[in-house]
Ligand SMILES: Nc1ncnc2c1ncn2[C@@H]1O[C@H](COP(=O)(O)OP(=O)(O)OP(=O)(O)O)[C@@H](O)[C@H]1O
Ligand SMILES: [Zn+2]
């Protein structure tokens with residue numbers, strides 16, 4: 001019997017089968033693995049099964065694999081092929097931990113039984129029309145159901161009635177009421193007994209969505225899935241989704257790999273968001289896999305955004321996706337904020353804030369309105385330096401500076417997570433005058449407290465939301481209006497429907513303006529449009545203030561005009577001229593080793609192996625191996641090589657042949673492949 005096990009090899013492992021059960025795909029089994037046991041999934045009968053003596057028998061059968069259908073198998077097989085990642089790793093990592101990892105005693109955790117029982121009970125209740133859903137803890141503003149406007153009605157009509165594989169791009173400005181469109185569409189689809197998957201890019205958007213969908217779609221069963229849930233909760237939600245007991249599944253990217261027996265439609269909100277890309281293990285893009293899922297299951301899918309990814313925009317231009325537009329803000333009297341640029345050459349920043357920016361903050365506070373200060377950098381200061389000798393605190397394990405976290409009195413490496421106490425004096429010269437260089441959210445928070453001593457200032461970033469419940473509590477204060485100023489990273493910049501924000505201040509945008517990463521302008525533009533979009537959602541006269549040294553940059557013209565389309569056409573042309581995605585297809589191979597030279601050597605060998613596979617039929621180009629910008633992380637040095645082709649099939653043909661050879665290479669260099677990389 002072939003059994004899939006979470007191991008980094010592109011093959012199944014063969015075991016003998018003694019069970020009285022008929023083997024079938026997806027059955028979970030315990031198999032001997034070295035001196036221990038592991039959970040595996042039956043893949044099928046090994047083609048050349050001989051009863052060789054060294055083939056070990058399957059230890060025991062955990063379940064019949066009822067939840068893991070042939071449809072799910074097709075999806076993970078596609079993912080394995082497309083991302084050139086071991087099928088066993090994908091299949092097992094798609095399951096909640098409780099279903100794939102044995103406990104310390106080598107047994108299946110009890111929560112599996114509990115979760116299954118819970119789902120079965122719900123499934124049985126599904127036939128009972130009086131099933132009512134408990135109200136959610138998270139309160140939401142008001143739950144009145146607005147009358148849809150003409151554009152929304154048109155979008156809902158098309159989405160609710162769409163049949164078969166049918167991709168839509170819902171292009172609607174921030175605050176145009178895309179969420180209402182989803183809700184009405186989902187309601188219609190649920191009436192037909194379908195299950196709907198709603199993907200959101202970030203965990204912090206799930207509480208509000210859950211509350212809203214539950215309230216509006218009761219008594220339908222709404223579950224949430226993301227990586228921050230308690231194991232029991234997550235396993236229960238998985239069973240509810242996989243048995244079909246749940247009607248709506250609100251999930252972050254991992255939701256796309258869940259079995260959904262009654263799937264009828266997929267919603268991908270904020271489809272442009274880079275958080276949909278998984279950055280370790282199987283480096284998949286959840287939006288792209290969602291499209292594949294929709295295709296395989298022959299169901300419609302809607303990708304929603306105010307700033308679509310250029311990939312999606314091009315598809316809509318080509319007619320592969322149907323574009324639905326919401327051109328205006330939904331709430332009567334609401335309007336997009338007026339964008340003002342402050343040239344820091346004329347108005348130098350003191351403690352990060354220029355004079356006009358400070359005035360704007362004070363004015364807005366005195367007018368009783370909320371402000372957002374957006375700064376994509378957490379901590380107090382990105383560097384700690386000695387003013388006497390120029391020493392800078394660096395990470396011992398990474399080619400990176402330590403970030404000063406003043407509140408926690410720690411220096412932290414944002415690459416490897418290493419932490420140490422803030423030193424009392426300079427380790428090289430003994431000087432006690434150590435200061436922070438640059439500014440993070442904590443430091444801006446401190447400056448704002450000085451500027452607005454009576455204001456309630458809230459910081460929302462990865463540090464302030466680390467503990468359970470903190471994020472919900474902070475967002476609650478933001479929504480209720482208790483908070484006067486929100487300081488935060490991209491966590492507050494997107495998706496949230498804040499009612500009372502009248503001013504957005506964007507700081508520290510210049511680094512991305514002239515970054516060498518080719519996606520940097522697209523990302524910056526999307527981020528600024530999104531954060532601008534948090535202001536003026538219920539009333540007009542909102543402002544967005546951007547501090548920059550480069551106010552003449554063309555990106556700002558499009559921002560001032562709130563004109564995604566002009567930005568997109570400009571950027572699209574630039575990509576086309578440079579033969580960059582979406583006009584070419586890419587993969588990278590990354591090599592990790594203690595010594596950079598070994599990484600580069602490995603990549604050179606890999607390139608030599610690849611050369612003979614490239615020909616006229618296989619127009620593939622391998623670039624030079626290069627060290628990563630941050631070369632060393634956690635004591636490991638990294639290098640990578642980019643592979644490009646204008647033909648996706650040619651690229652994948654090449655990768656398949658090439659990887660077969662790479663897996664045979666001996667040596668201690670760890671390597672992996674990434675298809676459609678986004679961080680270049
Ligand atoms: N037809 C309507 N009439 C009045 N208000 C509406 C209507 N549709 C939506 N709204 C309200 O408009 C606000 C903004 O809507 P929503 O949050 O759905 O925008 P969005 O398009 O998702 O924005 P973003 O892209 O910024 O996330 C919500 O408070 C919503 O209740
Ligand atoms: Zn480090």
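Each Cβ is built from the backbone N, Cα and C atoms, and glycine gets one as well.
Per TrEMBL, the features are as follows:
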| type | residues | note |
| --- | --- | --- |
| DOMAIN | 159-326 | domain 'Helicase ATP-binding' |
| BINDING | 386, 389, 426, 429 | Zn(2+) 1 binding site |
| BINDING | 395, 398, 413, 416 | Zn(2+) 2 binding site |
| DOMAIN | 421-575 | domain 'Helicase C-terminal' |
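For the pair residue 386 (Zn(2+) 1 binding site) and residue 413 (Zn(2+) 2 binding site), the Cα-Cα distance reads 18 Å. Among the binding-site residues 389, 426, 429, the residue whose Cα lies closest in space to that of residue 395 (Zn(2+) 2 binding site) is 426.
The binding-site residues considered are 389, 398; of these, 389 has the fewest other C-beta atoms within 10 angstroms of its C-beta. Packing around residue 395 (Zn(2+) 2 binding site) is summarised by its Cβ count: 25 other Cβ atoms lie within 10 angstroms of its Cβ, all protein chains included.
When the Cα atoms are compared, residue 416 (Zn(2+) 2 binding site) and residue 429 (Zn(2+) 1 binding site) turn out to be 27 Å apart. Note: the CA-CA distance between residue 389 (Zn(2+) 1 binding site) and residue 413 (Zn(2+) 2 binding site) rounds to 22 Å. Each of the binding-site residues 386, 413, 416, 426, 429 was scored by other CB atoms within 10 A of its CB, and the lowest score goes to 429. Between the C-alpha atoms of residue 429 (Zn(2+) 1 binding site) and residue 398 (Zn(2+) 2 binding site), the distance comes to 23 Å. With a cut-off of 6 Å between Cβ and the nearest atom of ligand 2, the binding-site residues 389, 395, 398, 413, 416, 426 reduce to 395, 398, 413, 416. Annotated pair residue 398 (Zn(2+) 2 binding site) and residue 426 (Zn(2+) 1 binding site), C-alpha to C-alpha distance, rounded: 20 Å. In the predicted model, the domain 'Helicase ATP-binding' (159-326) has a mean pLDDT of 96. Under DSSP, residue 426 (Zn(2+) 1 binding site) is assigned to coil, being neither helix nor strand in the three-state scheme. When the Cα atoms are compared, residue 413 (Zn(2+) 2 binding site) and residue 426 (Zn(2+) 1 binding site) turn out to be 18 Å apart.
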